[in-house]
Amino acid sequence: MEQFHVSQTKASLGLALYVLGYGIGPLLFSPLSEIPALGRNVPYLSSFVIFVIISVPTALVENYPGLMILRFLQGFFGSPCLASGGASMADMYADIDIPMGLTGWVAAAYGGPALGPLLSAYSVPVKGWRWAMWEILWMSGPVLIIMLVFLPETSADTILLRRAQRIRRTTNNPNIRSNSEISQEHSTFWGLMGFSLVKPMEIMFKDPAILFTNIYTSLVYGIYYSFFESFPLVYPVIYGFSPGQSGLVFVSLAVACGIGIVAYITYLYTYMIPDLKKHGHRSQEHRLIPAVIASLFPPVGLSLFAWTSRESIHWIVGIIGILLYAAAVFIIFQCIFVYIPLVYPRYAASLFAGNDFSRSAFAFAFILFSRFIFVNLGIGKGVTVLAGLSVLGILGMVVLYFYGGKLRARSKFTETKDV
């Protein structure tokens, strides 16, 4: 704000554009990962190389418009791992094990908002905002090296295609082909790219279950990011926290993530897995039971935070509200991310991308107007507005649980129409 002489809203635009970028990027990269000739790794690695390179000028840029453009590009090229990781998990795990595999991926993505503010809260006041940009490079560079050396291909179609190509080279037998080659023998590469880019978008807007799921998760995600904007108005202003202490507040998100993981894994081992072994696969909506229960807690956590954030009440009470809210949101997202690939396994990466885009677009807007709401209404009323919107989340999850099967039955795209 001081260097570029911009308002608080314009300062928030950097985060908002980053979030928007990692919502738009998967619309290109995730569908490409479902083309057997490319597989998962080509979009992962090519985009992440560019992300690491862009991190350098982002830390060195000398003007506000350039910084905003580079922040958007960082989000754009850093997005495939965030959006398509769920599809890679679905590649590697059987249906009964997908929830466990996705737990680690969701937890890693969930932990970012906890780790980032904690690091920058201690470094930025001393070293300046550019130090936070360099931290991105220092952390992403080693990850890129590990990915280049050790990341295996997980797409079954790509693995079989490459195996068939190796056998043809060693045997000189042109008749050895993979299923994807046979089914796509009359298709061109550019035709496949067009299909991969357009078809998932068609599903996203025409399939009732996916459309409803995207709207619901977008609302939850928008509230999630909007809630964070209230923290700088509470802990430094009301409780007199230093920048470092304010950063420690975000550790509560990591703690909430741990609580959510324990609760969800307990559900898996005490109910879901025994139920699957005893009764077999029920409707996919059966996997949403924890989310239906968890959807009751965001309004409670937000309301507790809203009306206890005052000097006369100890700050730990508000932290408890954050824990209730964030743990519940983790479980909700976990269940949704399990639901999508099980219903639409063929287009899993692309549908994760569509969901990521809709969530990020909502979060982009919420980030920009949320501080205005908190400043003008106050923390109590402002966060209560978010709590009221979270009540809609309860209705949304109940509708998806009870009527999701009927919505899928109306779709011409779904591969599991059990009701």
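The backbone N, Cα and C atoms fix where each Cβ goes, glycine too.
Bear in mind that TrEMBL entries carry predicted annotations, made automatically and left uncurated.
Here TrEMBL flags 1-408 as domain 'Major facilitator superfamily (MFS) profile'. Residues or ranges marked as transmembrane segment by TrEMBL: 12-30, 42-60, 102-124, 136-160, 209-227, 247-267, 288-307, 313-340, 361-379, 385-403.
Contact between the transmembrane segment (361-379) and the transmembrane segment (209-227) is supported: at least 3 Cβ pairs lie under 8 Å, counting only residues 6 or more apart in sequence.
Non-local neighbours of the transmembrane segment (247-267) in the same chain are 99-100, 103, 107, 110-111, 113-122, 231, 235, 241, 289-290, 319, 322-328, 330-331, 334; each lies 6+ residues outside the stretch with a CB under 8 Å from one of its CB atoms. A Cβ distance under 8 Å defines the sequence-distant neighbours of the transmembrane segment (102-124), meaning residues of its chain 6+ beyond its ends; these are 82, 85-86, 89, 131-132, 135, 228, 243-244, 246-248, 250-254, 257, 261, 264-265, 330, 333-334, 337-338.
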